[in-house]
Amino acid sequence: MAPSSVVLTIEKPSNFSLVEITGSKTSMFPEKEKAASPKQFTWVLLLKVHRALACLSWLATGAWTVFAAAKKRLALSEIKEEEPTNRGRLYRFIRAFVFISIVALFMEVIAHIKKWNLNLIQPLEVEGLVQWSYMAWLSFRVDYIAPLVLILSKFCIVLFLIQSLDRLFLCIGCFWIKHKKLKPEMDEDAYDIEDGSSFPMVLVQIPMCNEKEVYAQSISAVCQLDWPRERLLIQVLDDSDDENVQLLIKNEVSSWNQKGVNIIYRHRFVRTGYKAGNLKSAMACDYVKDYEFVAIFDADFQPNPDFLKQTIPHFKGNPEVGLVQARWSFVNKDENLLTRLQNINLCFHFEVEQQVNGLFLEFFGFNGTAGVWRIKALEESGGWLERTTVEDMDIAVRAHLHGWKFIFLNDIKVPCELPESYEAYKKQQHRWHSGPMQLFRLCLPAIVTSKMGIWKKANLIFLFFLLRKLILPFYSFTLFCIILPLTMFIPEAELPVWVICYIPIFMSLLNILPAPKSFPFLVPYLLFENTMSVTKFNAMVSGLFQLGSAYEWVVTKKTGRSSESDLLAMAEKESKSSNQEKIQRRLSESGLEMLSKVKEQKAPHLKKKKRNRLYRKELALALLLLTASARSLLSAHGVHFYFLLFQGLSFLVVGLDLIGEQMS
């Protein structure tokens, strides 16, 4: 019976019939023949052609737009030597890898076109130098390269799975906290509101360096903290080397001092140790011994007036607590794609990592700002040290070794800014990933010989340092940027689909959960994290082996976007009351009038025109991944091809600095 035939059997007590319908074009159902009329088929075909043309037109327009932007960027940008010689080794390695992959792709294309079946070719039947070279490459690849790549890929996959389990357990801990509604408790009646003398003495420090865009908003916010004035002292720690900026900050401090705020201005003539040196110098003042707590805010942070009343009471009745850390919130998280992706990462860091570690382990890395320290804990831990670029993590680890406990407040948020340009973000990430490796080398002997329990030592060494600071950037760069494109030319070591697709997407979903509005950016986030792995890997290596770039400190560029909006709102409010003189007086008090005069005094030829830059390592990796995707296309790998293609395009976009703030 034919596959398309149908047998119908109808049984009755007095009758039996068998009807066989063979083929799809039977005359028993004439109405079905009308369904496939030529006119309808033509309309369906035209509709599909229209959709295909619209899709091709959209792709062509998008490709042309990207090509035009890339061409313009190449014409206007300059590849500035941002790296010393020892940091160019990674770029030279990637460049050599790219050259080898292009040669291999050329040979693979020839083999594909000529349809060589090398399993059936005898050595004496080889024709031409190219075919002989290709056979020699295959033999060498199978015998020597493939086993090494297999070992390395399996090692990286094991690290990847371990790190994924760590993330999963952190998320489970966060879900448990949400389900049980766990959070640190404080005594709301810790201090008598009517008796100012019952409040402890609090020192507030605002370290800054050449931050003319944001100094006013930070000083203003801190000066409005709700705390008895006689129990509060504000230190503005200015490390600026620009005399005009120094004058602006002095003017701002003086204006608040005249309003009755207990605020002082400090400037170091010997600017050593960066932020750690600045804080260490301020803590050496004689009057600091009269204070019990110190709150620290970077120049772009704007605490709410009730910040101290929401944090200081957690120390009451808990003499073993040395640090209370608040969460960050971001005023410019929706400014561009770069800030949106940063917001995903930092929301996971605070909501999951910091909250879980703070509640269950009573230890986490101090974020350097928006926190309150017990001064006794700082002193017993050795104070601020200038030995690394992560002085905040340094003091947190030493305080933990001395037995101090930390509290993280996820509900208390302090507004601040995210870097809006890729250049600023890259420098920030380099410092954040090289510093922990410096610190690990320095702290390892102290951790091993400390009196802490074995579990706390293991958590500090294997989880806090090795897994989250070393293994994460290592496997991310090695597995997805080196091994994956390499396996396209070594099919014997091909990575399974679940490694490059299923688990990364699942882990990215977990990362986005604390920021649910960012779900549309799931794929860009996954690609961008892999793209940033080259910067993080380079920073990790430089910090681990103490290369020259590990000690670089670059102040993250601020835009003052929130202060601009505040100023605009203030101007509108004042203009509605038709009191222009009051507006001028307020501007003068905040130093903004002086800032405009300073800007006007600058000669036009002295103004440095900012441009977006090109990043060599990212561009080289883009070429490598796109080459590997072309090789994957020849083998019809499917998922591997799409991953390599989009990851290569992601590297290209970042290498051309088309993400983040765009300079005109």
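Glycine is treated like the rest: Cβ placed from N, Cα and C.
Residues or ranges marked as transmembrane segment by TrEMBL: 49-70 (among others).
Taken from TrEMBL, the feature transmembrane segment applies to 90-113 (among others).
For 144-162 (among others), the entry in TrEMBL reads transmembrane segment.
The feature domain 'Glycosyltransferase 2-like' is assigned by TrEMBL to 294-489.
TrEMBL lists 460-489 (among others) with the feature transmembrane segment.
Per TrEMBL, transmembrane segment is recorded for 495-513 (among others). Among residues of the same chain six or more beyond the transmembrane segment (495-513), those with a C-beta under 8 A of the stretch's C-beta atoms are 153, 157, 160-161, 164, 167-168, 171, 344-345, 348, 479-480, 483-484, 487, 519, 521-522, 525-526, 529, 639-640, 643.
The transmembrane segment annotation in TrEMBL covers 614-634 (among others). The list of residues near the transmembrane segment (614-634) in space but at least 6 beyond its ends in sequence, with Cβ under 8 angstroms from a Cβ of it, reads 73-74, 77-79, 90-91, 94-95, 97-98, 101-102, 104-105, 108-109, 112, 422, 426, 481, 484-486, 488-489, 531, 534, 538, 640-641, 644-645, 647-649, 651-652, 654-657.
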Please report, as numbers and ranges, the same-chain residues at least 6 past the borders of the transmembrane segment (90-113) whose CB is under 8 Å from any CB of it. 83, 130, 133-134, 137, 482, 485-486, 489, 534, 537-538, 541, 616-617, 620-621, 623-624, 627-628, 630-631, 634
